[in-house]
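Summarising the annotation, Swiss-Prot assigns active site, proton donor to 37. What Swiss-Prot records for 30-37, 147-150, 176, 184-187 is ATP binding site, and it gives sequence analysis as the kind of evidence. Residues or ranges marked as (R)-pantoate binding site in Swiss-Prot: 61, 153. Annotation comment: Swiss-Prot describes 61 as beta-alanine binding site.
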């Protein structure tokens with residue numbers, strides 16, 4: 001694996017790979033890697049000649065400065081994990097290289113910026129869209145890989161690719177979970193052992209809702225209440241939102257008519273750490 005910090009150097013290196021007709025798969029990350037990230041690297045390497053990954057903590061997508069300052073940085077261990085997983089090129093620019101001046105532009109995502117994560121993290125998806133657009137322009141991959149845990153981010157990026165005609169296939173990879181069911185996340189590092197045990201109930205609540213819908217055939221409203229009632233047992237969990245939505249648009253639904261695939265999406269705080277998760281349900 002080679003590590004590159006310069007945009008110009010990366011472009012020169014990738015130009016040579018493409019001259020050889022090598023396919024390029026890309027995995028963007030912010031570091032603090034876990035098994036979820038590693039699964040993306042392995043899939044990208046399996047499906048492409050060259051696997052490129054990036055580590056860049058993007059300041060534009062943090063609407064809470066404290067959250068940005070607390071984001072875990074562990075460059076040496078991240079580089080080791082990347083190399084062992086099969087990454088060929090690791091791009092690690094600093095902020096001055098990536099944003100010589102802070103961008104003045106914002107990207108209006110439309111409806112996706114007004115619901116779920118968009119409603120609770122103003123400006124977040126504009127920041128995501130800018131950093132991903134820049135990375136796509138710099139790297140020009142054939143495929144890019146993202147985790148399904150960030151289901152709304154995947155939807156935003158698919159919209160970005162479609163509307164701006166990026167010739168890139170977006171691959172959404174399955175959520176990787178701990179044995180307890182807790183979705184793998186870099187933020188989990190900030191939880192105590194007890195906090196992790198409590199946070200596992202977030203996924204259990206999603207499973208309760210799935211059972212209510214698929215086995216007990218309850219209404220959308222009743223299924224949602226069942227999930228909230230389950231979480232109400234745990235005073236350590238503060239739910240920000242728990243929504244049942246159409247899986248394609250992520251718009252909230254009130255009934256199952258005409259729906260073939262729905263998603264249950266949640267954001268909650270445990271020990272002051274904001275966690276998100278989702279469960280897609282085939283009807």
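Quick reminder: no glycine exception, Cβ is built from N, Cα and C everywhere.
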Rounded distance in angstrom between the Cα atoms of residue 176 (ATP binding site) and residue 37 (active site, proton donor): 9
Most crowded position, judged by CB atoms within 10 A, among 61, 148, 186 as binding-site residues: 61
Sequence-distant neighbours of residue 33 (ATP binding site) in its chain (C-beta under 8 A, six or more apart): 74, 77, 78, 81, 82, 186
Cα separation, residue 37 (active site, proton donor) to residue 148 (ATP binding site) (Å, whole number): 11
